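Peer 1: Sharing the record's features from Swiss-Prot:
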BINDING   11, 12, 19, 91, 92, 93, 101, 126, 127, 128, 129, 130, 131, 132  ATP binding site
BINDING   11, 43, 76, 90  substrate binding site
SITE      19  site 'Transition state stabilizer'
């Protein structure tokens, strides 16, 4: 039987405890899980793609079946093809997320027939955590500690001091 290979993607700008939970749960479902840090060169983020990739790599040290990859300006299905991915993994917090993800699923099926998508439901205590909300809290100089891994808070503080 061939390996089950998953791909969980995001901008992770910044990575949240919700992302972390989904990645950890997804890693148990696959022989190999790629975590794709996607960047858009036209957008300025809190942290660079390389910084976000480095944070994720630190968070998953010792989890042998997780590999973090960086992708700039390409489609998820192209990354999936490159790594032999059998399943995309997406997190759902609510019905709005399902509607949003369904539209991508439609096109992904057209571009990569046979590539399946698995949806993981966010834990109730994490369903309101989002990178957008964390960025807004940062804008208003509020504590983001409850919503992100400690290393994320540290990296953002370092960047603010520059």
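Just so you know, glycine gets a Cβ as well, placed from its N, Cα and C.
Describe the structural surroundings of these features, if you would.
Peer 2: In the three-state DSSP classification, residue 101 (ATP binding site) falls within a helix. On its own chain, residue 101 (ATP binding site) has 90, 92, 117, 119 as residues at least 6 apart in sequence with a Cβ closer than 8 Å to its own Cβ.
Under DSSP, residue 90 (substrate binding site) is assigned to a strand (E or B) in the three-state scheme.
The DSSP secondary structure for residue 19 (ATP binding site) is helix.
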Peer 1: By a simple count of other Cβ atoms within 10 Å, which of 19, 90, the binding-site residues in the record, is least packed?
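Peer 2: With the binding-site residues 19, 90, fewest surrounding Cβ atoms within 10 Å: 90.
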Peer 1: Can you grab the distance from residue 127 (ATP binding site) over to residue 76 (substrate binding site)? Cα atoms, rounded to a whole Å.
Peer 2: 24
Peer 1: What is the total of other Cβ atoms whose distance to the Cβ of residue 131 (ATP binding site) is within 10 Å?
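Peer 2: A 10 Å sphere around the Cβ of residue 131 (ATP binding site) contains 20 other Cβ atoms.
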Peer 1: In whole Å, note down how far the CA of residue 11 (ATP binding site) lies from the CA of residue 43 (substrate binding site).
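Peer 2: It is 11 Å, counting Cα to Cα.
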Peer 1: Among 43, 127, all listed as binding-site residues, which has the most CB atoms within 10 Å of its CB?
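Peer 2: Result of the Cβ crowding comparison: 127.
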Peer 1: Provide the three-state secondary structure of residue 127 (ATP binding site) computed with DSSP.
Peer 2: coil
